[in-house]
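Let me begin by presenting the structure, written as structure tokens, before commenting on it.
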Amino acid sequence: MNRLQRFTHRIFPEDPHVEAAEKPSDEIKEKLNDNRRITAIDTNGDEFVVPTLTIKQVLGAIPADCYERNTLRALSYVARDIFFISLFGYISYAYFPLIPFVSLRVVAWTCYCVVQSLFGTGLWILAHECGHSAFSPHKYVNDFVGWVLHSFILVPYFSWQISHSKHHKATGNLQRDMVFKPRNREQFLRGQGWEELMEETPIMTLYYLVLQQLFGWVLYLTTNVTGQPYPNRSKWVQNHYLPNSPVFDKKDFWRIIYSDIGILITLTGIYLSIQKWGLLSVTLHYIIPWFGVNHWLVHITYLQHTDPTLAHYDSSEWNFVRGAACTIDRQFGFIGQHIFHDICETHVLHHFVSRIPFYNGRKGTKAIKEVLGEHYRSDDSNFITSLYRVARSCQFIEGDNGVMMFRNANGVGNSKPKDSSTEKREGTPVATTAAAI
């Protein structure tokens, strides 16, 4: 270990959660050979068959070269995304004020914010690669690049990495998944409010989607929304910024502090920028695109883990393979492949092996599709409109054999909740709001 490696090891200590995310526990291993045929009925009314594959079968199909990580190649994608973000930032600063008509300036700024939010999301995804050690074979490179990129977009890198690795270790487990815990029917119907008068209308679905897309990611980081409940702790303590948050263990203390330092540096930069260029300029150049990044993160992660054909499991029926298989690949065309670094198109593979770099994801996905067969989930429908369609059909989960499928109160698909006309519900009709990918 050279001096640089020793220094970064002290600053960024090893995270045991990352290793654990890809090493099933003894309890999980005991379940891997469960060959019982278990079925359920999905939201569309079709039969869902619980996978009985082993992790060895899946991993054995992946070519060895898919695991190869190239640091220079990964850094080239970072440089490319930063180049375009800087280029569009310069164009907007130097030339947008010269546009003579207000209406045209509004159009120009709108296009700018959309494009910057796309490339900002690309940077988030590259930092996500770092969090899984898929960016580089060198830990200090992963930690430094991931910390810098995530801090720039106000994400507490190590804090997110810890909770996200726990999510990978228990994806789809209703008692252990740290990120996605959909409501059951009783939770969905419980509550009071004016929303019940419109609960089955499309306008209410749209209303909650707007809230989800704008604030879901922030609420996840600050209140652990959609995660496991901690009934004896305030929701404001259940966040990614406090070392004593129940989301973390005591040994994670310094990693949370390092994450917070990164956030404070960025907030200081934002404050100084406002002092120099004004609030309006900073809002247009950074804050609005930042909200756009948050939107895309929620859009991507929600559709990766929510679909009428996907299951969730009680601990009694869950194992690692079943959890990894209850994700879905989607297509987002040029944006998905070239700006979002294939995170939409190869997510199923990512949950089986998170250390495969994104540029090898399509080859690995092709390999596991042959093994997974009917258990591989993908959807080629429009990525934008799928958000609304899924939100209408996947509002809560229900099941009586340890296998839970999505249901809704809108009469879409297989069923709607009993007494939905008289009982009341709680919160958003959307099953999940945000997490990390």
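We count from 1, first residue shown onward.
Including glycine, each Cβ sits where the backbone N, Cα and C put it.
Just so you know, TrEMBL annotations never went through curation; they're auto-generated.
What TrEMBL records for 82-100 (among others) is transmembrane segment.
With a cut-off of 8 Å between Cβ atoms, the residues of this chain six or more beyond the transmembrane segment (106-128) that come close are 74, 77-78, 81-82, 84-85, 88-89, 91-92, 96, 99, 135, 145-146, 149-150, 152-153, 155, 157, 284, 288-293, 295-297, 300, 335, 339-341, 343, 358, 436-437. Taken from TrEMBL, the feature transmembrane segment covers 106-128 (among others).
Per TrEMBL, the feature domain 'Fatty acid desaturase' maps to 109-378.
The transmembrane segment feature in TrEMBL is assigned to 140-160 (among others). Sequence-distant contacts of the transmembrane segment (140-160), counting only residues of its own chain at least 6 positions beyond either end whose CB sits under 8 Å from a CB of the stretch, comprise 4-5, 8-9, 12, 15, 71, 75, 78, 120, 123-124, 126-131, 133, 221, 240-241, 247-248, 252, 255-256, 258-260, 262-263, 265-267, 290, 293, 436.
Residues or ranges marked as transmembrane segment in TrEMBL: 206-225 (among others).
TrEMBL lists 256-274 (among others) with the feature transmembrane segment.
Here TrEMBL flags 409-437 as region 'Disordered'.
TrEMBL lists 416-427 with the feature compositional bias 'Basic and acidic residues'.
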- Query: In the same chain, which residue numbers or ranges, 6 or more beyond the ends of the transmembrane segment (256-274), come under 8 angstroms Cβ to Cβ?
  - Reply: 11-12, 147-148, 150-154, 156-160, 240-243, 245, 248, 281-282, 286
